[in-house]
Amino acid sequence: MSEEVAVLPHDENDLSVDEDEEIVQKSNAIDWNSLFASVEDPELADIMRSAIDSAINILTTGKEVQKLSVIRTLTELLDSDGAECIEKVIPLIQTVLKEEATNLDLHCEAAVVFKSIITDKRYTDKFVGLTDKLLNYILLNLENQKEHISAAAWLETLVEIADHIPVQAVTELIVPLAVSQADPGKRVQRRVIATKLVEKLCTIISPQEVRKELAPCAQMLCQDPNPTVRTSIAQRLSIIAQSLNNSTDCVSLLLPCLIELCKDDDAGVREAILNTIAICLPYFTKESRKTVVVPLLRKCTEQALFLKDDSLGVVARQLGPWLDSLQDVLSDQERKWFLDTYCRMIGLSMNQSMTESLTDSRNVTVLISRRMCAYNFPCFVQKYGDAHFTERLLPILEKFASDSDDEVRSAIAAGFHEIVALRPDEPTLIPPFIELIRGGASEVVDRITGSLHKILPALYKCANSQSNAPKINRSQLDRIVIGCNRLIRGTGSWRSHESYLNNISCIRHLVPSHDLFVSFLPMLKQEVLTSRALPCRIAAANTLFLMMREHPMSKSRQTVIDFFCNTVAKHESCQRRRLLLDVVPRILDIFSLEFFKEHILQHVLDMANDKVSNIRLQLCRTLPIIKEFLVLPGDEQTLLDLEKLVRQLLAKEESLNSRQLIQTYACEFSRTETVHRVSPSNKVKLEEEKKLWTDVEPVVAEPPKKEEAGTKESSAPASKPPNGSRIPESSGSKPPSMWRTSRTAKPKTAVVRPQPQIVVTQRSPSPMPKATASDDRKSRLPMATNSPLSARYKPSNSITTTSSSLSKTSMEPSLTRYRPGGSSFANGTSSRSSIPMSTGLRRSATTTTGFEHFNGSTSIAGKSSPLVTSSSSSCIRRPYSLMKVQSSSAIEKKPPQMSIRITSMT
């Protein structure tokens, strides 16, 4: 009984183990039913398909969005499975397009994709016949399309791919299509695109085909009832004329179309054809231009002037090209008509009131015509400048330069260098140039400073010319050019500012070196330090070096060198210190290597100790450029110094990133090759420096004085400056006061001629303070008595003796009424030596305006004033030619009880 009990538990354990094993075996068994069911799952089937099969499936059963996706990714299928895609997918896409002819999105997307495939040479070269296949599909879609938008998309595609299709296919397939689309029964949009297709085909097929097929089509389009179609074909007749390239064919086929379109009722058509005529003119015969085109253009111009419609601006724009193309067939009368018409257009636009509103279309048209006339001004200067510049064209230029419209001034400023090139010896161009700059408009100054290097040589030549009598001298022109810098700097256009700073470098050949250093170097130094844009600072430094190179004095050159090596290289701003490294390539290009090593190299190498890492990195980038110019074995020590510097920079640098960059630059430095022979360019620069740097101060010859005809001048020593002014005798019973300024509402300009020499001969009985060093007040004005020039011209005591040119007996009676009563002076001769010239009285050109001298006689008129004004404007006149003063200036009044006497005339 016990044995049975012992066996029972064992049997139960075995049964549980068997059940577990059966459960495990069942879990590990393959479920074939689920596997077979998963094969039929559509989602898994899509995953298992290839790209081509998926595209075919989507195009067959997919939605519109999925079809669009397949069409957009067609190029990717061509890259991966090209042959299979061409065989299966592209025909299926064409089937879908045929079935869904009204689906605009599909057709537009397919047109874009077909165009990209045909224009890509990768596909056309790899798959032969692909272009022809796609072209056939495009033509089929174009024929099947009833929707005008999708048809226009296929036509536009055809226009863009025409030059990628073989010429034979174009002639056989596309040319007939273009002719059929130009039929008046087609939609307007198709006919407009047909004009574009005709233009494109003219550049592809032969001239014979153009004359046979496309020229009649163009004639039909010129007679189209829709003005939009006529405007479109009018814009493209010039391309047809170029394709024909035969004057006889152009006259027979195209000239009737031009005449017909010029008479069109629509202003847009006339505007288009007037723009086209200028391009077609060279392709017409000389006889047709003289007998047909010129009368046609005159009629169109008169019509535009009468109607003042949109065609007026086109006529004003094309008047110059017409004149240039017809100049060989124009008679003198016709040439005069062109100039008169140009002046009429300008007069019409100038008469427009400034208060008229531009909302009126006619006012806008007149303004546009004025802008176009300004654009054509250089052309008329070229054609009529020799005969009519001064009397007819110069007043027009002055009006344009002071016009209220910025676009007009910009147009004339953009072509001002052409005017100067055509009239290089015309001093009257200086005032319009000043007026353009004086306006201050940024776009005007930008246009004129962009070509400043072409304008300034002629203007400086006119300013220095004595025969032409310019109204402005060289120093005033210098100030105008410097003023351009302030104007253009304030605009914020750094490209224009850079162009200006580079272009004014031509002044170094036009202005004496001394004046160059006085006038332009301070401005350039300021730009080097204060310009915000780095290109502007580099441009200023470049011009500064070019001007320095022309100066013969080593002392003056050293000031520029010290400016860069001390002021710039040791500036507190790291951006300014870096500028010295930025201009190293320009220094090596401008100067010889010897100059660079002597004056610049050591200061460049010293920047290795700069505290800013960017400066040190820039130095490493500059070292290979310096190494290229070194010549071995002469510069071996310099090369060793550069290599040592690179090692020091690597050793001292603590930043990991900076060390990597320095190592990169060091590798570039090691790969840079040096030369073993002095370059010819360096020899030339060294010879030029020896010729230029003579250390001899250049002598600037002063312009000779001009003597007026009919005036009698007394022979006086050349060292004495004129100190008086002569005024004409006044008419009337009462002479005007010669010591008072006649105040008028408007200042008048007077001419001051060489004046008589005046010295004080008697004084008032009232005590005069003695001249002391503290009481002697110096004049603030230039050319005062304490200046070197005044000392040079200061009269000596010997001048106070009796003059042989003046009679003492004739002068004494005229001075008696100014003599104080009870004077102890017996005669004027003894009194002249009693009052020294150091009494503090300054000679003034304005204190002698009361004298008149005619034929050696002298008289004093007017009434004395009570006191002398304290703010003296006295100065010694410059011994130059005639000068201009304003009549409203402050003229000194004659002090009381003072007698003066003329001792000599200059």
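The first residue you see is number 1, and the count goes up from there.
Note: Cβ is positioned from N, Cα and C throughout, glycine not excepted.
Taken from TrEMBL, the feature repeat 'HEAT' covers 214-248 (among others). With a threshold of 8 Å between CB atoms, the same-chain residues lying at least 6 positions outside the repeat 'HEAT' (214-248) that come near it are 175, 178-179, 182, 184, 188, 191-192, 194-196, 198-199, 201-203, 205, 207, 254, 256-258, 260-261, 264, 266, 268-269, 272-273, 275-276, 279-280, 283-285, 288.
According to TrEMBL, the repeat 'HEAT' annotation covers 254-291 (among others). With DSSP classes pooled into helix, strand and coil, the tally for the repeat 'HEAT' (254-291) is 31 helix, 0 strand, 7 coil.
Remote same-chain partners of the repeat 'HEAT' (393-428), defined as residues 6 or more beyond its termini with a Cβ less than 8 Å from a stretch Cβ, comprise 343, 346, 350, 354, 367, 370-371, 374-375, 377-378, 380-382, 384-385, 435-436, 439, 441, 443-445, 447-448, 451, 454-455, 458-459, 461-463, 465, 468-471. As annotated by TrEMBL, repeat 'HEAT' applies to 393-428 (among others).
TrEMBL lists 697-873 (among others) with the feature region 'Disordered'.
Annotation comment: TrEMBL describes 728-744 (among others) as compositional bias 'Polar residues'.
Per TrEMBL, compositional bias 'Low complexity' is recorded for 796-814 (among others).
Positions annotated as compositional bias 'Polar residues' by TrEMBL: 824-837 (among others).
Residues annotated as compositional bias 'Polar residues' in TrEMBL: 844-862 (among others).
What TrEMBL records for 864-873 (among others) is compositional bias 'Low complexity'.
Residues or ranges marked as region 'Disordered' by TrEMBL: 887-906 (among others).
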Residue list, the repeat 'HEAT' (254-291) vs rest of chain: Cβ under 8 Å, 6 or more residues beyond ends.
215, 218-219, 222-223, 227, 230-231, 234-238, 240-242, 244-248, 297, 299-300, 309-311, 314-315, 317-318, 321-322, 325-326, 328-329
Write out how many residues of the repeat 'HEAT' (393-428) are helix, how many strand and how many coil, based on DSSP.
27 helix, 0 strand, 9 coil
